[in-house]
Amino acid sequence: MIGQRRVRLWTFRSKLWPDWRGLGRDMAGRCVSGRALIAALLILLATVSGSTGPSSREIWGASRIPSQFSEEERVAIKEALKGAIQIPTVSFSHEESNTTALAEFGEYMRKVFPTVFHSSLIRHEVVGTYSHLLTVQGSDPSLQPYMLMAHFDVVPAPEEGWDVPPFSGLERDGFIHGRGTLDNKNSVMAILQALELLLIRNYSPRRSFFIALGHDEEVSGIKGAQKISALLQARGVRLAFLVDEGSFIMEDFLPNLKKPFAMISVAEKGALDLMLQVNMTPGHSSAPPKETSIGILSAAVSRLEQTPMPNMFGSGPLKQTLKLLSREFSFPTNILFGNLWLFQPIVSRLMERNHITNALVRTTTALTIFNAGVKVNVIPPLAQATINFRIHPSQTVREVLELVKNIVADDRVQLHVLRSFEPLPVSPSDATAIGYQLLQQTIQSVFPEVNIVVPGICIANTDSRHYANLTNGIYLFNPVFLQPQGFSSIHGINEKISVRNYENQVKFIFELIQNADTYKEPVPHLHEL
Ligand SMILES: CCCCCCCCCCCCCCCCCC(=O)N[C@@H](Cc1ccccc1)C(=O)O
Ligand SMILES: [Zn+2]
Ligand SMILES: [Zn+2]
């Protein structure tokens, strides 16, 4: 029955497919087709007048600065990133970081971007000893400011397994190698680099914006981002939106989808670090009791690992993500993703099959620390295990704790919450959401090969949560192409970015800053009034 229905649906849709695609594009917004028409006219005009084509200055307005960089600038762009990678700004733990390197990084930024740090338009403040806040003054106070964020601390990188030393910043085969090339010195450097290049070209913004560069994101953001946020709140700042790390232009993440798609995360998971502890009477191992602290704790954590948290597919932004992506798939995935009203149960199961997509549909349970015992012939009194839960946007810390208690179901296992925070509220991605729309438009102009932009969920955590008090528009997006191998290199080995990818990241921010000045609020339709 279902099989017959599936075939019928497919036949119906495949007949309509070409029309739907054409129609979809036209209906994506009159302004898009209008802009295409204007672009076509400009090309025609330029051809007649002997020029090679319309520049972005012509399309976006007379005062627009084209994102074209000289050979000399292109060399300086990549050399600046290499230098940043060579400073080992490692966050080891809450208590320990390489503070010498953090301070050196501040000096390095000032040296490499002199125009930024000497501009009369920019106020620079050091916050929490090592983090940086730049306030870029716009000329039009009626425009609400926004914020670009990044962090320059990195996770440790022992040399084993790396093709090149992780703090060498070496260029090889078109890639710059090293810890922080994707997470997240690329963004720190690209933001400052784009601004430096704009200022050199005498740019002055209409819309004010902030640049917040954190020094402790990899261990909490409490000394950096949290302090910057408090400072801005005390100044009464409200942000139109902010952009941080957390998502990419995805390539080869989904089976049967060869084309890249840009995912702007509009939601970020929460987190719960829970320590499980069992205390029993110690004793001689020659006469062990029936149950030991290690055995009881192992059984409890094993139950947690074997009992995944509920699949939350159907709530949150993922349905919209798949609906939008469905057009990019071939049969039968296009039918499944495009008709979730019917195929939701199947799709939610499919998502569980892969560890990355599984993380999108549920709160994940990761056993990360286990401690017990000191000597082979001593029954230890104490066994401890720490579990890192990443909480799905549709759940709360309290709900997860309740589920954990029910799964453990053993009073001898004590639960201690070490740290927890709720998922971020979902940021808007509709036609009126300025941050989302600006990112989408900029992606479309800088990366014409990327057909589709979708809202998504960030499965990791970022500094952006510390700014939730200042805006409801939190967008996580790095304008960089990422494959699954690149994802594994983040916090892993052989982290690297191609020179081309990095140049495009600079170009993207160069364009985004200018687009923020010229963004026009959409006019509401009559029926919405
Ligand atoms: C249908 C769409 C499928 C495509 C899914 C592809 C998903 C790819 C995900 C890529 C995510 C990359 C995330 C990069 C940002 C990493 C930020 C980070 O590492 N943050 C730390 C922060 C932290 C948390 C807890 C303690 C200390 C630090 C983290 O662990 O989350
Ligand atoms: Zn990061
Ligand atoms: Zn990280």
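Easy rule for this one: first residue shown is 1, then count along the chain.
Using N, Cα and C of the backbone, Cβ positions are placed for all residues, glycine too.
Automated prediction, rather than curation, is the source of TrEMBL annotations.
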TrEMBL Zn(2+) 1 site partner of Asp183, His491, selected from Glu125, Glu218, Glu449: Glu218
Of the candidates Asp244, Asp252, Asp273, the one that TrEMBL places in the Zn(2+) 2 site of His151, Asp183: Asp244
Rounded mean pLDDT for the residues that make up the domain 'Peptidase M20 dimerisation' (266-410): 97
C-alpha spacing of His491 (Zn(2+) 1 binding site) relative to Asp183 (Zn(2+) 2 binding site), in angstrom: 8
Sequence-distant neighbours of Glu218 (Zn(2+) 1 binding site) in its chain (C-beta under 8 A, six or more apart): Ser91, His151, Asp153, Val154, Val155
Number of helical, extended and coil residues in the domain 'Peptidase M20 dimerisation' (266-410), per DSSP: 63 helix, 36 strand, 46 coil
CB contacts for Asp244 (Zn(2+) 2 binding site) [other CB atoms within 10 A, all chains]: 29
Residue among recorded positions Asp153, Asp183, Glu217 with least C-beta crowding, 10 angstrom cut-off: Asp183
